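TrEMBL lists B:5-119 with the feature domain 'Response regulatory'. Annotation source TrEMBL lists 4-aspartylphosphate at B:54. The repeat 'TPR' annotation in TrEMBL covers B:165-198.
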């Protein structure tokens with residue numbers, strides 16, 4: 001944990017989407033010492049942030065480049081696209097990479113079939129369904145099935 | 001800079017925290033105040049090299065703090081913190097010696113760079129001939145309330161770099177402070193024509209050409 005804190009100190013991170021995932025990441029990265037800006041369309045989404053969240057909240061549509069300029073995306077070390085919409089995540093991630101030249105871009109992708117498109121564009125992705133499926137399969141293969149001897 | 005003390009004045013805890021964290025790595029001592037009243041109390045009792053001041057606070061707003069601080073203690077440099085999307089049409093703040101702005105959200109790097117620039121401004125040689133130093137000298141004169149020297153420096157900056165929107169905007173603002181509104185508007189126009197994306201000049205031009213021309217800083221997001 002100390003290592004993570006050291007690495008995050010002074011980093012400037014923009015997170016798009018303040019749902020359960022976005023808010024969790026924002027809370028944690030902010031606790032680790034990063035300077036975090038979280039962007040969401042709806043102000044009430046920020047209720048999910050912990051009272052100890054030490055970053056900035058920005059209400060607006062991340063698809064609009066004006067909003068991203070307000071978030072000073074050109075200065076970001078990392079962008080995380082974590083909205084509920086794959087297409088929005090793709091657009092935001094691509095803009096961050098190509099227009100704002102953000103050195104590292106991570107996007108959540110819901111539909112595993114979209115994964116290839118992201119990869120082709122050079123965007124790192126995390127697909128919660130694939131991750132969960134792999135964990136399930138691991139649990140299944142490592143665990144005992146009925147009829148198997150120990 | 002080991003003994004330099006900076007005062008951070010903001011009602012939002014996260015801003016105080018972010019600024020403190022960013023500045024401590026510079027080796028400066030950071031103190032905080034949660035509102036204008038507390039800031040003035042601290043300013044009365046301790047010397048500070050620099051104050052980072054939020055304009056929009058409940059109770060006494062930042063401009064009022066600036067006004068009262070000038071009565072109490074001169075020589076404290078000020079960086080004004082502005083809200084998202086607010087444009088620094090800050091002639092009113094400039095009259096009170098504040099010429100540096102930082103817009104939320106800010107990155108630790110830009111805070112450190114601006115604070116260093118403002119703190120090191122005091123050490124600049126007055127006979128510098130390069131554009132960026134002349135701009136800094138102009139800002140230093142504004143910090144010190146010497147508007148005659150600031151106006152001279154702004155004229156020099158414009159002649160050194162005739163394509164700089166910042167220099168024309170600064171010259172316009174100083175002329176506005178000097179009561180020469182028509183000339184000021186001309187320079188704001190030039191600044192905008194040089195760089196249409198230069199928001200401070202756009203804001204100054206819009207304000208100066210709007211009926212009322214009160215020169216007041218906008219405290220609401222534009």
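Any Cβ shown, glycine's included, is placed from N, Cα and C.
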Same-chain residues at least 6 positions away from residue B:54 (4-aspartylphosphate) with a Cβ under 8 Å from its Cβ, in sequence order, are B:9, B:10, B:11, B:12, B:15, B:62, B:80, B:81
Spatial neighbours of the repeat 'TPR' (B:165-198) not adjacent in sequence (6+ beyond its ends, CB under 8 Å) are 91, 94-95, 131, 135, 138-139, 142, 147, 150-151, 154-155, 157-158, 204-205, 208-209, 213, 215
In the three-state DSSP scheme, residue B:54 (4-aspartylphosphate) belongs to strand
The average per-residue pLDDT within the repeat 'TPR' (B:165-198) comes out at 93
